Amino acid sequence: MERHCLFFVIFSLILHLVQAQDPIGFINLDCGLSIQGSPYKESSTGLTYTSDDGFVQSGKIGKITKELESLYKKPERTLRYFPDGVRNCFSLNVTRGTKYLIKPTFLYGNYDGRNVIPDFDLYIGPNMWITVNTDNTIKEILHVSKSNTLQVCLVKTGTSIPYINTLELRPLADDIYTNESGSLNYLFRVYYSNLKGYIEYPDDVHDRIWKQILPYQDWQILTTNLQINVSNDYDLPQRVMKTAVTPIKASTTTMEFPWNLEPPTSQFYLFLHFAELQSLQANETREFNVVLNGNVTFKSYSPKFLEMQTVYSTAPKQCDGGKCLLQLVKTSRSTLPPLINAMEAYTVLDFPQIETNVDEVIAIKNIQSTYGLSKTTWQGDPCVPKKFLWDGLNCNNSDDSTPPIITSLNLSSSGLTGIIVLTIQNLANLQELDLSNNNLSGGVPEFLADMKSLLVINLSGNNLSGVVPQKLIEKKMLKLNIEGNPKLNCTVESCVNKDEEGGRQIKSMTIPIVASIGSVVAFTVALMIFCVVRKNNPSNDEAPTSCMLPADSRSSEPTIVTKNKKFTYAEVLTMTNNFQKILGKGGFGIVYYGSVNGTEQVAVKMLSHSSAQGYKQFKAEVELLLRVHHKNLVGLVGYCEEGDKLALIYEYMANGDLDEHMSGKRGGSILNWGTRLKIALEAAQGLEYLHNGCKPLMVHRDVKTTNILLNEHFDTKLADFGLSRSFPIEGETHVSTVVAGTIGYLDPEYYRTNWLTEKSDVYSFGVVLLVMITNQPVIDQNREKRHIAEWVGGMLTKGDIKSITDPNLLGDYNSGSVWKAVELAMSCMNPSSMTRPTMSQVVFELKECLASESSREVSMTFGTEVAPMAR
């Protein structure tokens, strides 16, 4: 290890000394050059080239064929090719805010003997630059670096293998090649001469390559041996400016220079370089207008004798159909025709993808370096573009105007050794950290408790020792797993936190848990005991068990097995008074008001013949509700199954559904914050029961505001179980199923994988909670952030809870409880289902929110009492 470090220091010193001999800031990489052959001075330019070995972590070395070597310069004879991975990147240290001319060279040279030129893409950082599909080409771009590290990436787009021969960077002055936005991609750079050949460094101090153009037949080349004053920052070579082209006949009025743009809609910048090479007599004048696409861009211009001037537009231009025409048009007072020495054109490339937060990039690279991680995908920008996201990372980049942030780091089973490094705390937005199944030693660092966004920490399967920091144990909404660390001291006493009432909340350190979950665990255990007792003593209760749901309840039998609570169609007609009063309409059909025996009010949902829901879902809902009973699940009074006449008969919910109240469709008073929290809590309890109280567990699959019903006392009941699914195998964590649900509420992970878990309901509930907080539509096509979660996420960056809270509440709420509810909703909607809370945890947190709001209301009531007047 020491030998490697010493070698790196020596190599760095050599590189520094070598580069000091070149113009300041020049980077010259000979890709594929061995360390032993580095550095060397290229004979024609005098520039010093070094191996690319320290600038890229992947790739193999190749050489062009022997017969071609004599035709090319030494840097172009070797190459680096990338058979492995999709994106392979060079990482270069640069100066942030500096404009660079970036020049990679690609000379295939049949290095692989296949004689097939590869096709691949080139990226600058996270943004696509250009496709490389030709042999012996140099690509150029003028680009301002947004950080102190510049990454040039080769991306495989098919079966062919990307390669590169040289990579060169040249810093430029800020006040040349100015543009409004974006980067400038090389289109052409020409000068006019009778002598063939290119002009480059050292003639051009910026190492631009100038291509010679022969004049047209009716044009001539002017030359001079005198020195040209080229000190206008563009610093064109003397050889370029000592020649110019002009019409042979003085009477010629116009010089034309056509070219085509690809794609035709491209914007471009044009830079024209002039210097008068003839000493004009007193009676001679050279004056002309610069006309681009028929528009005069510079009027009555006269080049100065032996002094270079550059004419350019400050705004980008476009050409009709991509066909461009530059004209130099002689003015009426001019005695001589126009002339021009050189011109350049660059197309505008907008790079819309913002690089990942600089501090977090530095942090993750330090982590990579410290642990010696050599993951194939860990190259380029960690988060963007999304298709190249680093393995083990999740990022939040929903807002295009702000840098992406790292939200999850999974280094499980990565062979990590040593301690948990302090650098991790610089990932300030990290929500999930998984360092499990490594060989980490030392203690559990206290800084983990100070990371405000952190919700999940998995340190299981390591060799950690010492005591778990109390701050970490006491942190709320944190899942902590330290299982499999035999040297770690976490006794029951050290892992206990006292609640406000002096009760003990045991936090199991061997499974992921949420802070302050004791009461919910107790409730769940009590419920299970209750269910077992009732199962073992069926004679104690005539009703079916409210906890056990048979595994075959989703059988494909043609009729419903249970005959209890079955009504005839004639009875349905009677109870609805021939379907007199409509309560609502949905995808299932029409819902009518009715009464049983003239006393019990009911809602009768008739299955439409055109319903997409169908008999299967009708049957599923009946069999579920006949067996499952909970105060927060809508009660099934009965059903009708008579030929094609299918009806579900529910208990009547006088106050309709939550959506009607949030949208104002129902009229009446606005639901205050306390009532909303009560509704959310009761709906959550209904879901918690489906997930934990039923065996096998049930997943609702269609949790939304229209399926949350309210009775006359605003008690809440979850409804519409037609899409519900059970997990028939005990211990099964998911089922694979066709995606079903409502757009906007649908779990993206479930949609993507077809794997249904109870966490899919948790996601949907998070959406419901955001709707209750904000009173915003779930999907709004007129909103920049169309989905409610994106909109809330963007607003939260401002730190003002009022900006997202329903204005109808008029600020009448405890801001702490609103913040807690928002945080809970966002955690429910975490992209990774593993990091979402369970419904038990959601219930507990909502109870705390409601308690906080209730105590505020009580204190306000006391605060309005008349106080005694001072005497």
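Start at 1 and count along the chain as shown; that gives each residue its number.
Cβ atoms are placed via backbone N, Cα and C, with glycine included.
Note that the structure is a prediction, hence the values are computed from the model and not measured.
Here Swiss-Prot flags L583, G584, K585, G586, G587, F588, G589, I590, V591, K605 as ATP binding site, drawing on sequence analysis. Residues annotated as phosphothreonine in Swiss-Prot, with similarity to another entry given as evidence: T568, T737, T742. The phosphotyrosine feature in Swiss-Prot is assigned to Y650, Y750. Taken from Swiss-Prot, the feature phosphoserine covers S736, and the record attributes it to similarity to another entry. As annotated by Swiss-Prot, repeat 'LRR 3' applies to 453-474. Annotation comment: Swiss-Prot describes 21-512 as topological domain 'Extracellular', evidence class sequence analysis. If you look up Swiss-Prot, you'll see 513-533 marked as transmembrane segment, on the strength of sequence analysis.
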Between the C-alpha atoms of Y750 (phosphotyrosine) and T742 (phosphothreonine), the distance in angstrom, to the nearest integer, is 12
Looking at the modified residues T568, Y650, T742, which has the shortest Cα distance to V591 (ATP binding site)? Y650
Would you mind pulling the DSSP three-state label for T568 (phosphothreonine)? coil
Nearest recorded site to L583 (ATP binding site) by CA-CA distance, among modified residues T568, Y650, T742: Y650
How does the repeat 'LRR 3' (453-474) divide up by DSSP, counting helix, then strand, then coil residues? 5 helix, 5 strand, 12 coil
Could you please provide the mean pLDDT value for the repeat 'LRR 3' (453-474)? 92
Tell me, how many other CB atoms lie within 10 A of the CB of V591 (ATP binding site), whichever protein chain they belong to? 19
Rank aside, I only need the closest one: which of the recorded positions K585, G589, Y650, T742 has its C-alpha nearest to that of T568 (phosphothreonine)? Y650
Write down the Cα-Cα distance for Y650 (phosphotyrosine) and G589 (ATP binding site), rounded and given in Å. 14
Between K585 (ATP binding site) and Y650 (phosphotyrosine), how far is it from one CA atom to the other, in Å? 15
So among the modified residues T568, T742, who's got the most Cβ atoms within 10 Å? T742
Helix, strand or coil for T742 (phosphothreonine)? Use DSSP. coil
Quick one: pull the CA-CA distance for Y650 (phosphotyrosine) versus T742 (phosphothreonine), whole Å only. 22
Is L583 (ATP binding site) helix, strand or coil when read with DSSP? strand
